[in-house]
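> Marked as compositional bias 'Acidic residues' by TrEMBL: 9-23. Annotation source TrEMBL lists domain 'Casparian strip membrane protein' at 33-180. The annotation region 'Disordered' is assigned in TrEMBL to 1-32. What TrEMBL records for 40-60, 80-106, 118-141, 172-193 is transmembrane segment.
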Amino acid sequence: MPKKVRDSEQEENEQEGGDEVSEEAAPKTPPNRGISKLDFVMRIVAAISIMGSAIAVGTANHTLSFFNQFIRFKTQYQDLPTFTFFVVSNVIATAYLILSLALSVFHMLKSGAKVTRTVLIILDMIILSLLTAGASAAAAITHLAHKGNVQANWSAICQQYNSFCERVSGSLVGSFIGILVLMLLIVLSAVALSR
């Protein structure tokens, strides 16, 4: 009799152990499709914001007249290499974000893709670095144009070129919004990858 009791206990232990193994061997659930949809929307928002900044600076110009319209000074974004870098970095970031929408759609369809999410995080970080460099350089020059620098004997030029400075200052806001959204995209992709 005791032998039968031992055999039944062993069978129960084996069954419990088998259940534990099957639970551990079960695949993890794929990342939430909601994260992929949010990623898609955020990429569109960032692309629109950054493209608006590039267009605003790229089309900004101001003509200043002296001596009864005989002498004219015209300023454009190409006059300062910093603004040229700003426009180029924004255009590159916009093109990247538009192209990355394809991967975002792919992640909605196949939410368990890890390699493409890792590639997307790396590319997002590269574009974030480029965009931050362009926006920071443009912000420094814009601040200098508004305030000047007494120690270096640089006068503020925004009193003369007011509309140009206002347009560039407004475009910086759009670019920094794009930077913030890209930071959130990197965090979102990391969360989706960790699930």
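Cβ from N, Cα, C; glycine included.
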> Give residue numbers and ranges for long-range contacts of the transmembrane segment (172-193): same chain, 6 or more residues beyond its ends, CB-CB under 8 A.
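Long-range Cβ neighbours of the transmembrane segment (172-193): 31-32, 35-36, 38-39, 42-43, 45-47, 49-50, 52-53, 56, 86, 90, 93, 107, 111, 114, 117-118, 120-121, 124-125, 127-128, 131-132, 134-135, 138-139, 142.
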> Counting only residues 6 or more past its boundaries, what in the same chain has a CB within less than 8 Å of a CB in the transmembrane segment (118-141)?
50, 57, 80, 82-83, 85-86, 88-90, 92-93, 96-97, 100, 103, 107, 168, 172, 175-176, 178-179, 182-183, 185-186, 189-190, 193
> Taking helix as H, G and I and strand as E and B in DSSP, count the residues of the domain 'Casparian strip membrane protein' (33-180) in helix, strand and coil.
110 helix, 14 strand, 24 coil
